[in-house]
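Participant: The structure under discussion is supplied below as structure tokens; questions concerning it will follow.
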């Protein structure tokens, strides 16, 4: 069945056409079944819409506007390209070549005359082609043939392809080209590499066996390309032979293959910069050489020298080497100039002066601030180095004056040079008013007051003038400020005896003790000889001192107790570490609370200050705090504010170390007085102290009593008045005075008593002396001692029921100290101490009972945690709540204050650790807390062991008593069965197999 489609754009008819020729008339087509024909209407047959008048007007106006705009654009472009320089530039670019430069492609412009010739040829070709297409008769007729086209319609092959047909492109199989490998030996390969390096003047490096390297570079000398070896003298080393001919001969032969000599090279042409150049020896016929190729090193006595030739020591220093000093100079210049340039890049640098002017500016500024004849001359540089500030300023000023004309010329040409030179001239300015400065020195020369020294420093700075540094000007300003403050305060200090005006500086010189200077009392080493005094001093050491047994780091003797506090000795520092870092750590003390100068620091007599019985101050009136005092072995240390004197203790058979017993620290004062006692009176002196003075003073007496005892002793032994005292520190916080012995003091920050002799100390015995310090006791102090005692009492109370009940009733804050350790808290909860304390205090004090309730709840939570860090974190999280509950409860109780201090430290540690963790840092507090917890656990285990030991002892007593009662009442034939029962009972109680019972003679049973 045939079909016809209307509207398709195809005009081809499908079907069968008669074989006969067809005329121009209609063509008959036989349509068979299945044949399809498409009929397309012509333009005349299609409907054409007629536009309205308004649309025509709009179209006409828009077309006119578009045409006008296009003409304007064309005119702009025409005017732009009509310029001759623009057309010439485009013409050279159009006929340029695309070349490769490095890794980039760029257009190389053609010369203008070449471009014009090519353009003229192109226009001529266009004109010829146009003439050919238009058939312009040139008047030449050539006979030929005419080709006619048959216009008759004929049948043709019809394709089924539509207008959307797109042929599939042919896939071309790419054949992989096989890599061609060059077959050549190593020498040929090296020669080819040399030719490549020679073409681009590149650097090449030869590496032989080991670390031997030879660096060479092809350099351009005129039109010739010559290889140059990098020699040792280019790095500043002078060698007798720079190249070994046996090693580098083959390398030189390879380098020669890349050499290109394009012009004649004469002997006089070889100069600086030719160092390492490889030249043929035939170029230098006047100078004989050993090798065919010459490696230029320099000239010696006018003759060229080969780098392979070996020179003598004298010739090595005299040869003129031809290194390229200009390249080295500019290399160093470029390196430091680019490194030291300013960082404020607020503009784009553009060159405005030539290189010659740049060199003049640099040379002018350099000679203005660093005047030398040659920069490389060490003598010129050392002259500037060794010159003082005054000499250097004078030298700079002289140089500027000598070359004033040159410098003035540069000032006028360049404003920057003028600015820099003005700054340099300002440095030579000095203070001309020397007369007034010398008058100030004359007035203040013999004055030692603080203000006089401060004014002297200000005058010295003004006298130096430009020589003074910025630090000296800053210090002078500070000193002037201090003088101004003193003057302002001095106007208001009209009241006599004001604390603000109190000054009690330390003695700058040591006291003189005649007993220590007498030659008859010194041995050949200059040490004090005790004589009979040493034999009688045993009354002190046997009754009031105890022997120091080495071991355990002397921890047993570090803490000294007193009624108000404890004192920590530095005896542990006798163990000297051999590590520098640990040795430096031993010089760090533990500072106590540093108090300012108050009324408690001074002593008065009739309203006036008694300076020897007061605390030492600094120049500005602030308190002078004690430093760390290092320990010594077997010494008596005397001297307070001045330099200390070390006196060997009396010699004994074993040379043991002694430390004063608790409460008898003041014996060190009497031992120091014994140094000044006559040998025939030493026995009476020591017996009087042992039998009369010490029983009268007892332990921890007041300073007033000690001073009175010293007065009594000086009555019987007047020579002891000049005896020097040991160091005495004042602790105003605990109302205590510390007599420091040879074992020093780790605690720092105390006030220092100025009294240096016994006669000065006796002032404290006077009733006319008004001073708080004379009522202070003699003792010492160590930080955290109260906390250690509380922890010790808590651990003992956990395993001692009676002591636990006492703590609950009398001092509940010790039980609250269990917050410092999860181990102590859990053990206290397990023995029922928290529950008993809560029931006891809930009736007496609600807040304390609430704290014990909180402790019980916290102990249950802590016991559920598996890790120590989790337990400590739980306790730290509740520290703030405990502090809030303790607020306002028994504020004056020292135990309560110690507990609050511990909780505050826990809270602060928790806050710091959380802040560090949030910022991404890791602290080491977890490890330290674990180690501390292990110590608490170990101390708790020791208490548990003691409790078990006591239980075993009581159990043994029970077995002994029961056996004795049994054998006294029952028959002895049951002894075997009783032994067996005892063994079973002991196994159940102690969980250990005790073995067969060994009967004792007394009670017929052995002790467990």
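For all residues, glycine too, the Cβ spot is worked out from N, Cα and C.
Pulled from Swiss-Prot, these are the listed features:
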type	residues	note
ACT_SITE	233	active site, for P1 proteinase activity
ACT_SITE	242	active site, for P1 proteinase activity
ACT_SITE	275	active site, for P1 proteinase activity
ACT_SITE	665	active site, for helper component proteinase activity
ACT_SITE	738	active site, for helper component proteinase activity
DOMAIN	180-322	domain 'Peptidase S30'
DOMAIN	657-779	domain 'Peptidase C6'
MOTIF	374-377	motif 'Involved in interaction with stylet and aphid transmission'
Participant: Between residue 233 (active site, for P1 proteinase activity) and residue 242 (active site, for P1 proteinase activity), how far is it from one CA atom to the other, in Å?
Facilitator: 8
Participant: Could you tell me the C-alpha distance between residue 242 (active site, for P1 proteinase activity) and residue 275 (active site, for P1 proteinase activity) in angstrom, no decimals?
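Facilitator: About 12 Å separate the Cα atoms of these two residues.
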Participant: Looking only at Cβ atoms, how many others are within 10 Å of the one on residue 275 (active site, for P1 proteinase activity)?
Facilitator: 23
Participant: Among the active-site residues listed here, 233, 738, whose Cβ has the fewest other Cβ atoms inside 10 Å?
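Facilitator: The active-site residues 233, 738 were compared, and 233 has the fewest Cβ atoms within 10 Å.
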Participant: Which whole-number value in Å describes the distance between the Cα atoms of residue 738 (active site, for helper component proteinase activity) and residue 665 (active site, for helper component proteinase activity)?
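Facilitator: On Cα coordinates alone, these residues lie 8 Å apart.
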Participant: With DSSP helix as H/G/I and strand as E/B, how many residues of the domain 'Peptidase C6' (657-779) fall in helix, strand and coil?
Facilitator: 57 helix, 24 strand, 42 coil
Participant: Where does residue 242 (active site, for P1 proteinase activity) sit by DSSP, helix, strand or coil?
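Facilitator: Reduced to three states, the DSSP call for residue 242 (active site, for P1 proteinase activity) is coil.
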Participant: Take the C-alpha atoms of residue 275 (active site, for P1 proteinase activity) and residue 665 (active site, for helper component proteinase activity) and report the distance between them in angstrom, rounded.
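Facilitator: About 85 Å separates the two Cα atoms.
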Participant: On the 0 to 100 pLDDT scale, where does the domain 'Peptidase C6' (657-779) sit on average?
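Facilitator: Taking every residue of the domain 'Peptidase C6' (657-779) together, the mean pLDDT is 87.
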Participant: How many other Cβ atoms are found within 10 Å of the Cβ atom of residue 242 (active site, for P1 proteinase activity), counting all protein chains shown?
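Facilitator: The answer is 25 other Cβ atoms.
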Participant: Using DSSP reduced to three states, classify residue 275 (active site, for P1 proteinase activity) as helix, strand or coil.
Facilitator: coil
